[in-house]
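Participant: Before anything else, here's the structure in question.
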Amino acid sequence: MINLFFVMSPFFIFFGFFFFFVSFFLCSLKLSFFFNWIFVSSSFLVSFPLYLDYVSSLFMGMVLLISGSIIFYSEFYMSSEIYKSRFFYLMFLFVISMIFLIICPNVFCMLLGWDGLGIISYCLVIYYQNYSSFCSGMITALTNRIGDVFILASIGLFFSLGDWSYMNFVNYDLSKYLIFFFCIASMTKSAQIPFSAWLPAAMAAPTPVSSLVHSSTLVTAGVYIMIRFNYFLTENLKEYLMYISLLTMVMSGISGMFEYDLKKIIALSTLSQLGFMMSTISLGFTDLAFFHLVTHAGFKALLFMCAGMFIHMFFDNQDIRGFGLMSKDFSFSLCMFNVGNLSLCGFPFLSGFFSKDLILEMVLMKNLNFFFFFFFTFGTFLTVFYSFRLFIYLTFKNVFFFSSIQNTLQDFKIHYSMFILFIFSISLGFFGSSLLFLPYNYICIPFFLKTYILNVCLLSLSMCLILTKMSSVKINKFIFFMSNMWFLGYLKTDFLKKLFLTFCYKATKVSVGYIESFWGLSEVNKIFSFSLIFSKSLKNLFYFFFFFFFIFNFALICLVI
C-alpha cells in the first residue's frame, strides 16, 4: 500500500492547485460552466448535471489539497496499523463524496455526496472498534440521519415541482419550505445547537480523519449548502439562524476554556468557527462566510496534523497538562502549530485575520441589537482566550510527566505533508482578499470601532495570562454545566449507552449460545462455506453484467456512428 499512498497524494495536490487557478480564472472573467451529462436508453433517461463556478472550484481545490497532504501524512502516522488499506479506501471515498456534494446542483445527485459523507464518516469514526468509538460513531450516524431525512423531504418537494435542480426555483412560492428543510439539514451536518454533541465525540477517529473531517469536508458541508441556498433565506429564518449560530459559538467557546483534551479543544474551536460562519451567512455576507470557510480549512487541518504528531510523540497522551519542553524537542512542529493557532484567533496578517477581521468590521457596520452585538464580541473574546491558553500550555511549559519521548515520527518527511498548509496559513488570506474579495477591503469606520476588536483581543489575552496561572478551579454546578457543552452530550446519548449496549451484549451471547447448542461447529462451517461461494458467484455475476453492458454500449455507439 505504500506506493498507492505516495501515488495518490501528489495526484490530489496537483489537482488542488489546478482548481485554484481555475477558480481565479472563473472569478476574474465572471464565468461559470454548467455541464449536463445525459444517458438515454429506450425510455430510460439519466441526467447528471455539474456546475462549476469560482465557489465550487475554489472549495474543491482546497478539499483536494488538504486531502493530498493528509494522505501523505497518514502514510507515516498510520504506518503501524494492520488495516491501513481499508483506511485509505475510506478516505478516498470520503473525498469523492465531498466532490459530488460540491459540484452537483441537482438535489438528487447531491444526495450521493451527502449520504456518502454520513456513511463513510461513521466507518471512519469506529475505525479503532472500541467502546468509545462505537458510541461516538452511533451519535454521529444518528445525528446525520436527521439531516438526511430533511434532504429526502426536500427531494420529494422538488419532485412535486417537476425538477430536482435548485437553480430553477429562485423566487418560487414553496421556497420557504425548501430552505427550512435545508436549514435543519445544514444544522445537523455543521453541528449547530441542539445537534452539537456529535462533533467533539467524533474525535474517537484517527487524527488524520479528524484533520480532514473537521477542516474542509463533513462539518463544512452544511455551511456550503447554506451558501448555495442563501437566496432562499427569509428575514425570519435569518434571525432564527443568527440566534442558533451565536449560541453555538458561545457554548463551544466556553467549553473550550475548560477542556484539557488537545483534540477536543481543536474540535470545539471548529464548532465555534462554524457558528461564526453561520451567523455571517444570516447577516447576508455569504462571500465573506465562504472566504472564512476556505481560510479556516487550511489552518484547522494544520492544527490537527500537528496535534496528532504531538499526541503520537507523547505516548498517545492527549491531555495538554502532560505536555512540556515542546520548544526544545519539537521546534519546527510547534512553530507550525502556533502559526495555525494564531491564525485561528485572527492574529494580524495571518490568513485568519483577513477573513475574520473583515467579517467583524462588517458586523460593526450593521444595525444590530445589543444581544447580537454582545454575543459576537463575547465569541471573539472566547476564541482568543482558548487559543492563547493552548499556546501557553504547549509553548511555555518546561515540565512534563514522562521519562522519555517516542522518536518514531522524528523523520522530517512527515513535515513535508504539513508545509503546504503552513504556507497557506500565512499567505492564503492575503492572496484571497486581493484576488477574489477585493470590494470588501476598504472599510471606513470610526477609530473607536476600528480598534474595538483589537481591544477585546488584548483583554482576552490578559485574562488568559491571569487565569492560566491559577492551579485549580473550584468546580461548582454552574462551571460543570458550562464546561460540558450545556449537557448536550448527556441529553443526546449518555443516558442510553448502558441500556442499549447491555442489551446488545446479552442478545449476542444468547444468539451465539443458541447456534453452538443446536447447530454445532460443522453446521456453522457449512453456512460460512455457502456464504463464501454465494458472495463469489454474486461478484462474478456483477463482472459479467458490466462486461456485457460495456460491449452492448460499444456496439450501439458503433451502429450509431
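Each Cβ is built from the backbone N, Cα and C atoms, and glycine gets one as well.
Note that the structure is a prediction, hence the values are computed from the model and not measured.
I grabbed these lines from TrEMBL:
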- 6-26: transmembrane segment (TRANSMEM)
- 33-52: transmembrane segment (TRANSMEM)
- 37-88: domain 'NADH-Ubiquinone oxidoreductase (complex I) chain 5 N-terminal' (DOMAIN)
- 58-76: transmembrane segment (TRANSMEM)
- 88-113: transmembrane segment (TRANSMEM)
- 106-383: domain 'NADH:quinone oxidoreductase/Mrp antiporter transmembrane' (DOMAIN)
- 149-167: transmembrane segment (TRANSMEM)
- 179-199: transmembrane segment (TRANSMEM)
- 211-234: transmembrane segment (TRANSMEM)
- 240-258: transmembrane segment (TRANSMEM)
- 330-350: transmembrane segment (TRANSMEM)
- 370-396: transmembrane segment (TRANSMEM)
- 386-558: domain 'NADH dehydrogenase subunit 5 C-terminal' (DOMAIN)
- 452-468: transmembrane segment (TRANSMEM)
- 541-560: transmembrane segment (TRANSMEM)
Participant: Are there residues at least six beyond either end of the transmembrane segment (330-350) with Cβ under 8 Å to its Cβ atoms? List them, or say none.
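Facilitator: 269, 273, 295-296, 299-300, 302-303, 306-307, 309-310, 313, 356-357, 380, 383-384, 387-388, 390-391, 394-395, 415, 418, 421-422, 425-426, 429-430, 453, 457.
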Participant: How about the transmembrane segment (6-26) with the transmembrane segment (240-258) - do they touch, taking at least 3 C-beta pairs under 8 Å (6 or more apart in sequence) as contact?
Facilitator: no
Participant: For the transmembrane segment (179-199), find every same-chain residue at least 6 residues outside the stretch whose CB is under 8 Å from a CB in it, and list them.
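Facilitator: Result: 114, 117, 136, 139-140, 143-144, 146-148, 150-151, 153-154, 157, 214, 218-223, 225-226, 229, 232-234, 237, 241, 244-245, 247-248, 251-252, 267, 270-271, 274-275, 277-278, 485, 488-489, 491-493.
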Participant: Average the pLDDT scores across the domain 'NADH-Ubiquinone oxidoreductase (complex I) chain 5 N-terminal' (37-88) and report the rounded value.
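Facilitator: Its mean pLDDT is 82.
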Participant: Which residues of the chain, 6 or more past the ends of the transmembrane segment (452-468), have a CB below 8 A from one of its CBs?
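Facilitator: Residues 345-346, 357, 360-361, 364, 377, 380-382, 384-385, 388-389, 392-393 contact the transmembrane segment (452-468) from elsewhere in the chain.
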Participant: Counting only residues 6+ away from its ends, which parts of the chain sit with a Cβ under 8 Å from the transmembrane segment (149-167)?
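Facilitator: Contacts with the transmembrane segment (149-167): 49, 51, 105-111, 114, 174, 177-178, 181-182, 184-185, 188, 228-229.
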Participant: On the DSSP side of things, how many residues of the domain 'NADH-Ubiquinone oxidoreductase (complex I) chain 5 N-terminal' (37-88) fall into helix, strand and coil, could you say?
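Facilitator: Going by DSSP assignments, the domain 'NADH-Ubiquinone oxidoreductase (complex I) chain 5 N-terminal' (37-88) contains 29 helix, 14 strand, 9 coil.
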